[in-house]
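Read through the structure below, which is laid out as structure tokens, and then see the notes.
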């Protein structure tokens, strides 16, 4: 255990945290360990395959798949920030986490969540230009613009996380604080300081609304014009083909935005820990697992590239075995 001691006024504050996680029987804890371990490894495998497929297939060297590869890369780190510590806690009686470890986990978690909000909005903009202005699409959505938009998503995520951490990390926590969650999330942390945390709560709530509301408005505006453009297509086959290019992204947007909006765009008085743990599992574990599956089921190009990637890897392995013999 790493312990940090700070002088807070006239009393000493011992800074380390206990993650309460999922308080269940030991046998069920073991069951949860294997379930979440399998989910974590499968999530890493799925997203890694999508990145390899996009990099290896020239037909997927398009803006839409460039952003998809960034989404897969982001979600690999997104789940890695949370899952390893959660898995260790399932098997350990000592569920403590150091102050520095907790703040580091929170910082990168906020970074990846904010970056994903913005990246999904950027992907909606890409689909908007492709469907509503297809002739000018190559001129508007250039490689330079794609790189700038992707870099902007990461930069905004890092900036938002830094601002939040300035207000949260300087709060004083007394004794042995218990965090009623399975990872260091903002709302549980803001409920346990031994000083007034209202300023940090206001900053967190304002930034959460900005980071969620602006991308959400962009997504709604993009899909409003997309639906309007699709309905004007005369043939039913044309409408179906146009809709299929954005159906996967729209599904992912609904899953991610609905679960995180429920958690973070609410004042503290409306916060309930039991319901938030369940919802948090949805967007930290289930959604990253489902996203690659959704894109594969709805997108024939990705599906074909994945088959090619898997078959190539398999044939290479068999070839290596044959050469060694």
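Including glycine, each Cβ sits where the backbone N, Cα and C put it.
Noted in TrEMBL for the protein shown:
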type	residues	note
DOMAIN	46-295	domain 'G-protein coupled receptors family 1 profile'
TRANSMEM	30-53	transmembrane segment
TRANSMEM	65-86	transmembrane segment
TRANSMEM	106-125	transmembrane segment
TRANSMEM	137-163	transmembrane segment
TRANSMEM	205-231	transmembrane segment
TRANSMEM	243-265	transmembrane segment
TRANSMEM	277-297	transmembrane segment
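In summary, the transmembrane segment (65-86) lies against the transmembrane segment (137-163): three or more C-beta pairs, each 6 or more positions apart in sequence, are under 8 Å. For the transmembrane segment (243-265), the list of distant contacts is 64, 113, 116-117, 120, 123-124, 127, 130-131, 186-187, 208-209, 212, 216, 219, 223, 226, 230, 276, 279-280, 282-283, 287, 290-291, 294-295, 297-299: same-chain residues at least six beyond its ends, Cβ to Cβ under 8 Å.
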